[in-house]
Amino acid sequence: MAKVRVYELAKEFGVESKVVLATLKEMGEFVRSASSTVEPPVIRRLKDKFPTEGGAASRPAPAVKPGPRLPQGARPGPAPAARPQAPAPAQPAPPQPAPAAASTPAPAPAPAPRPAEPAANPAPAAPPAFQAPAPAPAERPAAAQRPAAPAPQRPAPAGRPSTPPVSGGPGQGPRPGARPGGPGAPGARPGAPGAGGPGARRPGPGDRPERSERPDRGDRPQGDRPRSDRPQGERQQGDRPQGDRPGRPGAPGGAPRPGAGAPRPGNNPFAPSQGMPRSQGDRPGGAPRPGNNPFASNQGMPRPQGGPRPTPAGPGGPRPGGPRPNPGMMPARPTVGRPGAGPGAGRPGAPGRGGPGGARGGAGGGFAGRPGGPSAGGGGGGFAGRPGGGGGGPRGNRGGTQGAFGRAGGRPVRGRKSKRAKRQEYEAMQAPAVGGVSVRHGDGTTVLRIRRGASLSDFAERIDADPAALVTILFHLGEMATATQSLDEDTFQLLGGELGYVIEVVSPEDEERELLAGFSIDLDAELEAEGDDDLSARPPVVTVMGHVDHGKTKLLDAIRSSDVVAKEAGGITQHIGAYQVVKEHEGIERPITFIDTPGHEAFTAMRARGAKVTDIAILVVAADDGVMPQTIEALNHAQAADVPIVVAVNKVDKEGANPDKVRQQLTEYNLVAEEYGGDTMFVDVSARQGTGLDSLLEAVLLTADASLDLRANSDKDARGIAIEGNLDKGRGPVATVLVQSGTLHVGDAIVAGTGYGRVRAMLDENGDAVQEATPSRPVQVLGLTSVPGAGDTFLVAPDDRTARQIAEKREAQERNAALAKARKRITLEDFTKALQQGKVETLNLILKGDGAGSVEALEDALFKIDVGDEVELRVIDRGVGAVTKNNVNLAVASNAIIIGFNVRPEQQTKEYADREGVDIRFYSVIYAAIEDVEASLKGLLKPEFEEVQLGTAEVREIFRSSKFGNIAGTLVRSGLIRRNSKARVLRRGVVHGDNLTIESLRRFKDDATEVREGYECGIGLGSYNDLQVDDVIETYEMQEKPRG
């Protein structure tokens, strides 16, 4: 599913990209540029910010609707002047479509086609047309966009070919080509479609002037309008020949173009005279040539009087308009012109109105161009371009003059910086420098929400910074990381605090909510939309919790009349089991769903998971043991999940059982029995003898009816949670799921955790196949691609593709979070110590188990083993199922040990592991696995030595020897003095000599190995001679310290 980019949103909202970028920044969503992608949840929030803009941008302005009055505007009588439209610089526009549509409401008062009559009074509809936004080119029904050849309203003669338009620019609409055939073939007249003039309109058949009238119109100017005032969107024609054209049949003999020998007006932007030569007299008021200066008070072309009109070539003559343009003739940087009216663009026969920049219109608008003639711009009141003709640009392939006197619209010139670019440059200059790099800082309150396992690249994108700069800053803060490495929350907090940002790591629940929102799945909205009519009663979900060996599974076995304890290794539960039993209550058979959780301390996560999905918790406490540590922990889980608790006092048949003691102990934890005035139900049961079971089930149903609203919508796609998962050799991945709402059917496309697929089969707790599972029904699901983790949510997707995409995104999130969690933060000090002390010892493990919950519990228990920082424990792979050859290959490559929990390898795999020397350990009880791994970790520790004092000797006399130096005559006060042991000299309690060695030890004249307390001896300390009487010589040795 393609993501939407910022500029696409800006186009949809009808605003500029920088407005959308600024809005995203205000919303706390920092994006780098207009080409950055935006997530669907952010798009929805953004659309709330632009409710009207988005709607206006998607509809064309009503001012440009073509109406049935189109033939009426074709009469070249008095009409309103060209109305300037708000330019749309980023969109190519056909030449001046907006004025053509805007001038529709002005009816022509005279049916005679007299273009010489100026329009003195413009129509009152002009101001609204100026305020109308310029619509997109595809939505402009301007006449210039319609080819003239197939127009049905115009009675064109037969044999009139439609020449394809010459591509001159993005704003050029289709123009009719030259008409080589037939006398009287009309060119584009004032008001005809395809003309570049702003008032051009398609005439109706009844309003069209006869061809015989054309020779009488001697008041038309000869030649082209200057190019300096043309809108930038007009096409540029290169060096098409612009000389005299042969006469047209029906016209008085091909009159030559006046001024043909002179240079083409508009050719030189630096010439003193621009535009068309005057036909008669002086310009009014002696003003400069119109079209020369965009800032002049007078714009547009005065209408010269007299002179024959040049005509295109007849049949058999040279191709009118010159050769077809090619890319070499095009200007270097064509820019998009103003759609609508340029400066002074006037309708034929009407005075030109001013364009942008405050310039007023000229004395009169020009005529539309002829087919086959040179194309003129739509601005400046001159003659509009001739469709199909050559450009009015300079000759000699020297490029156009556009931009020489300012730009009528379009993108800024290369090198000119936008306001946004200047602002970013200013912010970069003002940004404080950390470690030699400048990064934009926050104000200390700016909140950045970052997903789990994000990298520095993600962080840099949020604050619009360079990832390399963040790597440098992090290095100066004492942390080493790459730009794409997944980092933990502490590292981001450190970096955010330095840069002035408040870092918030998105919780897994929020990540899941945003992920599903990208696929238009909102679970919260589904729950809110459900009414009372949609809900139906469902069975209660009851979790059995308590301390290990207090009889939880035995109690469930007694309720279900089965024997699960015998199947569990070591007699302790190491999986979550889900069952459903039916109890008759008040004459109605009511099902109850039971979830059995382990009680060992290693299964804390399982108990917490069981408490989250339950409605009622049964706290099992042995009457002989009382309240134990895991009892308190299970109680805290249930209270944290805010579920009602029913206490089952088990083993009341044992000798020494005291149920009242249990009631008293639980009072300290806010569980007050009903007989003591509380609201908690206590039931005395004996799982071994089967007593009190009915009372327990009745207590569960009474609690459910009294304090819970157990209803769910079963008429929708299933939603729920995966309680347990395992890999079956014949069935593949098998997930035990609990449906919380909706109904799960065989054949549904399901996604559970990182696994997805279609439900191939569903089995109940007895192994029987079921076709559907209603709310509160636990079933085993077959057909997933991988084993889901215990506690993963599952849902039914609309199709397989959506399920696969959700699973892949979940997998990526979990992988990044796991990488961030497994990353060992290496500071510069740690790195230096590692270099000095050598390689850090690491124990690599590969965990394989029979269930996802068991593997998770084993991994958590192993990571809790604390043996110091010198040894590192790494779990490089974990999985559900038997040990495979791939596991052995990974163990060979990484020097790892494989731990199998309730699994065994194939014979071939075992032989392969023996050949490769891979150590595989198998365990069926979690205690043994934890103890062995802890012993292995301690074996990797380097030995620690501690100082053990051997004895002390007091110096009584000093003997000086030239051969041995000073020798101390001493009396052993305590312990013993041993030859070659370490020694130090103490003088009045202060160490004067340390790290010495007793090199000689004699008893009288005999060498001695050791001298005990109460004996005298002579001690030589080698080269150390600073000895005095009453000094104390203390001896010690370094002994290895046991690691524990």
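For all residues, glycine too, the Cβ spot is worked out from N, Cα and C.
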Feature region 'G4' in Swiss-Prot, mapped to one of the ranges 26-29, 650-653, 1006-1009: 650-653
Annotated region 'G1' segment (source Swiss-Prot; candidates 506-513, 546-553): 546-553
Of the residue ranges 440-443, 560-563, 596-599, 740-743, the one that Swiss-Prot records as region 'G3': 596-599
Per Swiss-Prot record, range annotated region 'G2' [choices 536-540, 571-575, 776-780, 801-805]: 571-575
For the region 'G4' (650-653), distant same-chain residues with Cβ under 8 A (at least six beyond the ends): 550-551, 554-555, 620-624, 659, 684-689, 691-692
For VAL652 (GTP binding site), nearby residues of its own chain (Cβ under 8 Å, 6 or more apart in sequence): ALA623, PRO659, ASP684, VAL685, SER686, THR691, GLY692
Summary of DSSP states over the region 'G1' (546-553), given as helix, strand and coil counts: 2 helix, 1 strand, 5 coil
Local backbone state of VAL652 (GTP binding site), from DSSP in three classes: coil
GLY546 (GTP binding site), number of other Cβ atoms within 10 Å: 28
LYS552 (GTP binding site), number of other Cβ atoms within 10 Å: 28
ASP549 (GTP binding site), number of other Cβ atoms within 10 Å: 16
Per-residue pLDDT averaged over the region 'G3' (596-599), given as an integer: 63
